[in-house]
Structures are given as C-alpha cells and as structure tokens.
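According to Swiss-Prot, the protein carries these features:
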REGION    1-31  region 'Disordered'
TRANSIT   1-52  transit peptide
REGION    54-73  region 'Disordered'
BINDING   83, 109-117, 135-139, 161, 183, 231-239, 261-263  substrate binding site
BINDING   109, 136, 231, 235  Mn(2+) 1 binding site
BINDING   135, 139, 207, 232  Mn(2+) 2 binding site
C-alpha cells in the first residue's frame, strides 16, 4: 500500500511590522503568541521568550524563545567646564553593564548599582577638581546623566512613565517614587547619620539627585523608611531609584506606542 507523503500545514503569517508600533500578535504552532519584529533606526537583537497563555508549552515546559528586533534607546553627553570633564553614555535597553571612573570611588560604586539594578548600560568617565572636593564632579556627572537620560527617552511614546520601588539593605529601607513627566521636582527625605562614607561627603547624595532631576525633567520622591548605617541608606536609595527608573522606562504594550499623558505630550517645554 502506498502512503501519501505528509505535508506540514502552513503557519499563519505575521502581520506587517509596519502597521503600527505594536502590531497585533499572531498565534504560532503550539499556541504560542508571537509579536512581529519592529525596527526603530539602528537595532539591537534580543532574545524574547514566546509563551502560551499558561506560560508553558503543550508538554508543560517553557516554550523555546524566539528572537525579536527592538531599538536601543541611547543617550550620550560630553560636558566640559573649567572644573570638570565628563563623558556619559547610557543605554536604557541594556543588560546592566557598568563602566564608571569618576575619581570618586563611592560614587563609582553607586553608579554600579544604577546599572545593575536598572539593567541599564552606563558609561561614565570624569575628571575634575577633586583636590578641592567632590562637589563639582558629583554635580556635573549627575547633570550629564540626566541629560543623557532625556536624550534616550526621546518622545517617551509607549513607556510606563511612572515607577515605584522600595529597596531594603539590611536595617535600611528606602522608597522611591518617580514620574517621567517633564516637570523637574525633588523631594528627598533622607537622614544620613554621618558626614562621610569613605571620602564621599554624604550631603552630595541629595545634590546628585537634584542635579539629575533638573536636566532629566523627572519628578522624584525619596523617602527613608528605616536605617542607621550611612552606606546602607545611600546604597538602598540608588537601588530603589534604579528599579523605579527601570519600571518607568519599560514599555506598556497596551499603550500601542502612544504617549502616556492625557495632554498627548511629555516634554520639558
């Protein structure tokens, strides 16, 4: 008896990626939901897991990841004055790579937290008049990071906009709430018990965030819930800020690429 050859059924075709910033997903073989690739200028190849509604494949195990193409949101700033020379690069869609050399060891450690917990790629190279004190370098680095963040965010289409995270570190706990609104405001409720951590003047923590807020145009609230160790309090602050910023900069697929504002615009002007 002759057996007819098996012909694999054709898979449904994906909708065109040009239809909208967030095209309607299609259902692939095995029930997986697949989002078509979308390219914005230069692109970065990332691995994204394609899951069924239950989060597993038909055999009860996670489905194999598929590749999608998304853009990298990048910002780069060079700030040169008679006091400092600062170069900052940030990738909001990074993997948590930190490369910081500021001349202020404790600040380098805090920028590592920003990269690691925000999953941002952060490059900061700075020289300055640290023979006087760390004030000018601390300020100008924060100003440059804020400006790079502003560049990377662009028109802010499709982002969550708001972020909220509380980070503990041993006895310390710090809550951060932020809004990428375009309106700069800082409320900082830290009570750091010592004047220095290593050689770093702890007054500069609030000044760092004020400078970053001024150029990025974010609303930022920092509240210390607990803590009596200065290092722990400051590090918990940077960790909470990183996670809140990560939440705010991530995309909300339900927004379909629209600006998250009833006014239809989020900007400094």
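Using the three backbone atoms N, Cα and C, a Cβ is placed for every residue, glycine included.
Recorded features from Swiss-Prot, shown on the structure.
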{"residue": "83", "record": "substrate binding site", "DSSP (3 states)": "coil"}
{"residue": "109", "record": "Mn(2+) 1 binding site", "DSSP (3 states)": "helix"}
{"residue": "116", "record": "substrate binding site", "DSSP (3 states)": "helix"}
{"residue": "137", "record": "substrate binding site", "DSSP (3 states)": "helix"}
{"residue": "207", "record": "Mn(2+) 2 binding site", "DSSP (3 states)": "helix"}
{"residue": "231", "record": "Mn(2+) 1 binding site", "DSSP (3 states)": "helix"}
{"residue": "238", "record": "substrate binding site", "DSSP (3 states)": "helix"}
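Taking all protein chains in view, 16 other C-beta atoms sit within 10 angstroms of the C-beta of residue 207 (Mn(2+) 2 binding site). In this structure the alpha carbons, written CA, of residue 137 (substrate binding site) and residue 235 (Mn(2+) 1 binding site) are 19 Å apart. Straight-line distance linking the Cα atoms of residue 136 (Mn(2+) 1 binding site) and residue 234 (substrate binding site), rounded to a whole number, equals 19 Å. Recorded residues residue 135 (Mn(2+) 2 binding site) and residue 83 (substrate binding site) have their alpha carbons 10 Å apart, per Cα-Cα distance.
On the backbone, the CA of residue 235 (Mn(2+) 1 binding site) and the CA of residue 183 (substrate binding site) stand 26 Å apart. Less than 8 angstroms from the CB of residue 232 (Mn(2+) 2 binding site) sit 169, 170, 171, 172, each of them six or more residues away in the same chain. In this structure the C-alpha atoms belonging to residue 116 (substrate binding site) and residue 207 (Mn(2+) 2 binding site) are separated by 22 Å.
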